[in-house]
Each structure stands twice: as structure tokens, then as C-alpha cells.
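The next block holds one structure in the form of C-alpha cells; read it before the comments.
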Amino acid sequence: MTTELGHAASPPAHILGYAIRSRTRIYVSYIIPTCLALLVYMLQTSTDLALSYQHFRRHEPGYGAGTLVLVLLPPLLTYVLVLSSREQRSSATATRSKCMGCSLGLLQLLFFPFAVVYRFTMRLFWSVEALYHADDDVERMKCLGNVTQTSNIELYLLIQAYAQAAPQIILQMYHMLVQDIFRNYETTTLQSMCLVFAAIDLAGITTSYHRIESQRRVGRNYPWATPQQVEAQRCRLEQNERLCGEAERRKRESERSLATSFPQSEKIMANFHARQESGSQIDTSAVGSHELHVAGHDEVDNDAVEKLEIIAMLHPPTSTTAPGNVTDDDKMHQARPKLHLRREELKHLDSIEVLDTVPETPAPPPPPATAPAALPMLRLPTENDPPAAPDLRRTASDAEYRRSKRITRPLSQLETFKDMLLVNAQLYIKDHVPRPPKLLIGRVDEESNSDERTPLVVAQTPKGTPLTPKDVVDFYFPRPTKIVNGIQQDDFAGRTVAFFGWIAFITMRMLSLATFCVFYPRAFFIVVGVHYALMLAALALETRCRVSWSRCLFYLLLGYIYIFVLIELRVCFKSIRRWYISYLVLVLAENITMTAIWYGNEQFESWWFGFIWEWIVYSGVLFLATIVVYYCILRPKDVTLIVEEDEAPPQQSEQSVA
């Protein structure tokens with residue numbers, strides 16, 4: 001699947017790849033899910049409370065107390081997590097005192113059903129209000145912003161799914177199966193309703209959070225995030241839009257510069273290739289207008305001398321291009337003669353010595369003032385040997401000069417080599433190393449007010465030296481960027497198919513665990529314990545055990561959640577396919593093994609067990625079918641963000657679940 005630029009801050013504006021209207025998106029993304037979630041929560045809470053009362057009335061205090069504790073446990077855990085989180089405490093006491101913040105949290109704990117209902121009704125109100133505004137209107141955007149406003153109630157709903165709904169299913173299924181054939185009708189009816197609504201709640205929460213960490217990396221917020229975290233995520237999205245716009249602008253400018261700067265590039269290249277081909281086919285036997293015989297001396301490694309004898313022939317210029325297709329290069333080519341050189345041995349021709357290299361040693365210095373007018377003659381001239389011409393270059397200081405030349409010559413060569421290296425390095429840096437724009441680099445003038453601007457980079461000066469304005473330079477270097485990969489949120493079709501898939505998976509998993517617990521309680525706890533240990537080992541291997549103590553405590557809770565379902569929460573899977581395939585293979589092997597053991601070895605006194613076995617098989621087949629459809633057709637698209645790379649990790653990555 002191709003990766004494209006985008007974000008996961010809001011639900012997608014399409015279904016099955018087809019764009020939908022803004023009003024339709026409000027219905028399928030906000031109004032319908034909110035109404036269904038409100039209905040399920042009210043029915044689930046009321047059913048659990050009524051079932052607890054029914055157990056007490058039937059003189060079953062253990063089941064009644066267990067059912068009531070599971071209802072009261074999620075708000076208590078939410079209150080503790082909010083108080084233990086530094087970000088949540090600072091957000092709660094930002095506009096009010098600490099005492100007022102704790103009192104408000106305690107009221108939400110005591111009257112948690114009313115707080116949840118208020119949360120859902122507020123979301124429903126703003127969703128309906130958004131329908132009365134035009135598309136892309138500012139007021140509509142404000143209404144949708146109020147719908148997606150974060151709250152601690154969302155954290156309670158997440159904890160409720162795995163601390164209340166999941167164990168409630170196991171508890172009530174166990175109570176139903178251990179009863180004899182004559183059961184109480186009212187209790188059985190309430191238990192059936194409790195199982196249905198608990199499974200729906202668990203499947204809905206799992207559908208919303210099963211890939212939330214990959215979505216959070218590219219723009220989505222945790223529903224319980226603080227305003228500071230929401231603002232930081234919004235800044236990342238704006239930064240991504242700015243960087244993407246800058247990259248697109250640079251791409252357009254480069255394409256435009258190629259088209260405008262070289263309008264006749266194809267014609268020029270054609271002429272160049274034509275001259276190359278004609279130059280390679282030049283007849284060297286043609287008569288030249290001038291012929292020079294050159295013998296040159298080329299010094300190699302300052303030691304060996306290579307003698308070359310070449311012939312230079314000057315040919316008159318020839319035109320190889322069409323009259324109407326002449327460029328500036330062609331005119332320059334016609335204005336100067338061509339020089340062709342070839343090496344030959346010319347033993348029978350005279351040669352002219354040409355010094356084609358610069359002398360290595362400089363000219364000797366002038367004779368000093370104390371030097372004599374003429375050097376003494378070593379021998380007298382004769383008839384056969386006339387006196388030689390006076391050596392004007394030879395002075396009394398020649399011996400000293402030749403002696404110093406042996407010492408200074410290697411040093412001058414090293415100096416020349418050093419200068420060549422410096423020049424080459426400067427040219428390479430100028431041509432290949434990018435420099436920041438001139439607007440980003442400026443020196444602070446003496447007239448500028450130093451109080452208005454604070455320099456980002458201050459020149460290093462010794463202690464005790466006054467810092468002058470000339471020593472202060474403002475450097476605004478762009479930060480390095482990185483690519484962050486993630487996925488979009490599911491559209492309406494994807495969420496629907498994923499919801500039914502998780503319903504089938506939860507039904508298969510819960511029926512297998514509850515039924516096996518009825519026949520083999522000790523083996524049930526062994527299987528659950530081994531599964532829990534494997535999940536903790538997988539999390540430790542995924543994170544390389546490089547986490548804080550608070551994160552380790554959260555992973556202990558996450559391992560408990562992995563007993564029932566698999567979600568990507570507070571840990572981003574490096575290989576999502578490997579995780580899901582391994583988890584599904586493990587869970588299917590456990591379910592098939594446990595179901596085969598109790599179905600093949602036990603004698604049933606009721607038709608319930610045969611019915612449960614059929615439901616386990618049908619749920620497994622339905623789950624496999626839905627997961628194939630989801631991952632082959634309805635899987636959300638991969639998206640990327642371009643963000644600036646920070647030195648310190650974000651605060652959101654090291655905080656607790658709250």
C-alpha cells in the first residue's frame with residue numbers, strides 16, 4: 001500500500017475511497033457513534049446494577065458483591081491515575097485551586113454515571129449544532145472542535161471496557177454454566193443482557209483503540225490528553241503543512257528554472273554531439289596551412305625529464321552546423337582556429353626548443369654592493385680557447401645561494417601543496433555544501449537595540465572581556481527533519497467491519513475461557529498465567545526493557561488486556577504484522593485446545609454446552625472472514641508526517657496512561 005502525506009487528527013472524509021459530504025461525515029463519524037455509545041453505556045450500567053441487586057436478593061452475596069465491585073472499580077482507577085499524573089494535575093489546577101480540582105474529581109467519582117451521560121449529551125449537542133452551519137464555515141469548525149474536546153471521561157470509558165466488561169463476562173458465564181437445568185428466569189435474563197452489552201462495549205472500545213499509537217504519531221490525540229498536549233500536536237501538524245508546502249514550492253521552482261533557464265537545451269546538446277562526432281572523424285592527412293615542429297621538455301616529479309616531440313597543425317575553421325541554427329558556442333568555435341597535436345618522432349627535422357613550463361627556482365638575487373667588479377680568471381686565454389663572455393649571473397654570493405636552495409626548496413614545495421589543498425577545499429565547500437539563506441544570517445549593528453532581540457548564538461570570548469555588538473551574530477539554522485510513519489483513522493465501513501470482527505473474536509475467546517474454567521479451574525489459571533507471561537516477555541522484547549518504572553507498571557496492566565484482545569496502546573509495534581499474526585495464532589491454538597479438551601472428555605447434562613461449542617466454531621470462522629476483508633480491502637492508508645527532529649523526546653511519550 002502506498003504511503004501518502006496526511007494526518008490522523010480527524011476521521012477521514014471518505015467511505016470505501018469515495019468522498020462524502022461534510023454533513024454525511026458528521027452523521028457517520030459523530031452523531032451515530034455517540035448515540036450508540038450512550039445507549040450501550042446506559043443499558044450496560046443499569047443491567048449490571050440490577051444484576052447485582054438480583055444476586056443479593058437470591059442470597060448469593062459473593063456474586064452480587066463481585067458484580068458491584070466491577071462496576072465501581074473503573075471510576076476509582078481513573079481517579080487514582082489522574083491524581084498520579086503530573087500533566088493531568090497541572091491541567092486540572094491551571095484555572096482553579098488544587099482543592100477545587102480535587103473536589104471536582106471526587107464529585108465525578110461519586111456521580112460517574114451522570115458525568116458520562118453529560119459527556120455524551122454534550123458531544124451530541126455540538127454535533128447537531130454543526131449541521132446548522134454551512135460547509136467549511138468557521139462556526140462549524142468550532143462546533144466540531146467542541147465535539148472532539150478531550151476529557152478524563154474518555155479514560156474512564158477505556159478502563160471500564162477492560163476492568164468491568166471483560167471480567168464481568170467471565171464471571172456471569174461461569175455462574176450461568178455451574179447452575180443446574182432449573183435456573184431463575186429473571187437472573188438468567190439479566191445475565192444474558194449483561195453479556196451482550198459487555199461484549200458490545202468491549203468490541204467498540206477495542207475498535208477505537210486497536211491502532212491508536214500509530215495514529216497518534218501522525219496527528220491523533222489521546223481522548224484524555226491535556227490542552228498542552230493537544231496544542232503541541234496541533235503545532236506538529238502546522239509544521240508538517242509548512243514543510244510539505246516548502247518542499248512542493250522548491251520542486252516547482254526547480255522545474256520552472258529548468259524550463260526557463262535553458263529554453264534551447266535540446267538544440268545545444270544536439271550541436272554538441274554533432275561536433276563530437278565530426279571531431280572524431282577528422283582526416284589527419286589533410287594539408288595544413290601551418291606546420292610547427294615543437295620539442296618540449298616536461299618535468300615529471302621534479303626528477304625525471306620526458307622529451308616529447310609533437311607536430312602542431314593549424315587547420316582553417318569549418319562549419320558543421322546549419323546556417324539557421326547557430327549558437328554562441330558555434331560562433332566562438334568559428335572565430336578561432338583548431339589546434340590538433342600528435343606525437344611523432346621527428347629525427348630528420350629541425351626542432352625549436354620551447355620552454356613550456358615555469359622554472360621551479362626563482363631568479364637569483366642581484367649581486368651585493370660588496371661584490372667585486374669581476375671575478376678572477378682561473379686560466380689565461382689561448383688562441384684555441386678565446387675568453388668566454390662574462391658571467392653576469394654569477395656573483396660572490398652564489399655558493400651561499402645554492403646552499404640555501406637545497407634547504408628552502410622542499411619547504412616551498414610543501415607550502416605550495418598546502419595552498420593547493422586549501423583552495424581545493426574552499427572550492428569543494430562552495431560548490432557542494434549548502435549554506436543558509438542570507439536572510440537567516442545577519443550581524444547585529446551597533447545602532448540596533450540589543451534589548452529587543454536576544455542572540456541565539458554568542459561568540460566565545462575570554463572571561464573578563466566585554467562583549468561588543470560585533471562579537472554577537474544571529475544564526476537561525478533550520479532544524480533537521482525526520483519522517484514519521486502512521487495510519488489514518490478508519491472510515492465508517494472499516495470501523496463497522498472491524499467492530500463485527502472484534503465481536504466475533506471476543507465471543508470466541510470468552511466462551512472458550514469461561515467454559516474451560518467450569519470444567520478445569522486449576523488448568524484455566526495455568527493457561528491464563530502462561531499467556532500473561534508470554535505477553536510480558538513480548539512487550540519486554542519490543543521495548544528492549546529501556547523504559548521507566550511507571551511505564552513498566554503500565555505494561556503489567558497492558559499484559560492483562562492482552563489476555564482478551566490486542567491493542568496498540570502506549571507502545572508502537574515495530575512489526576505490526578508479526579505481532580498480529582503471532583497473537584492470533586497463539587489465541588486460536590489456545591481456544592481450539594481448550595474447547596477440544598472439554599468437549600471430547602466431559603459428559604454434558606444440558607444442551608447449553610453443545611450450543612456453546614457451535615458458537616465458538618461459528619465465531620472463529622466469522623472472525624477470520626472479517627479480518628481478511630478488513631486487511632485486504634478496508635485497511636486505513638499509511639500516512640507520513642514531516643516534523644522537525646527535537647533533541648528531547650516529547651513529554652507525551654514518557655508519561656503514564658493518564
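Heads up, the Cβ atoms here are built off N, Cα and C, so glycines get one too.
Remember, it's a predicted structure, so these values are computed and weren't measured experimentally.
Here's what TrEMBL has on this protein:
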- 230-257: coiled coil (COILED)
- 26-43: transmembrane segment (TRANSMEM)
- 63-83: transmembrane segment (TRANSMEM)
- 104-126: transmembrane segment (TRANSMEM)
- 492-511: transmembrane segment (TRANSMEM)
- 523-541: transmembrane segment (TRANSMEM)
- 553-573: transmembrane segment (TRANSMEM)
- 580-600: transmembrane segment (TRANSMEM)
- 612-633: transmembrane segment (TRANSMEM)
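Contact between the transmembrane segment (104-126) and the transmembrane segment (26-43) is present: at least three CB pairs lie under 8 Å, with pairs separated by 6 or more positions in sequence.
Proximity of distant same-chain residues to the transmembrane segment (553-573), defined by a Cβ-Cβ separation under 8 Å and at least 6 residues beyond the stretch ends, is recorded for 162, 166, 202, 206, 209-214, 217, 502, 505-506, 509-510, 528, 531-532, 535-536, 539-540, 542-543, 547, 579-580, 583, 656-657. Taking pairs at least six residues apart, the transmembrane segment (612-633) and the transmembrane segment (523-541) share fewer than three Cβ pairs below 8 Å and do not count as touching.
Only residues 6 or more beyond the boundaries of the transmembrane segment (523-541), in the same chain, are considered here, and those with a CB under 8 A from a CB of the stretch are 513, 516-517, 555-556, 558-560, 562-563, 571, 579, 582, 586, 590, 594.
Confidence for the coiled coil (230-257), expressed as mean pLDDT, is 80.
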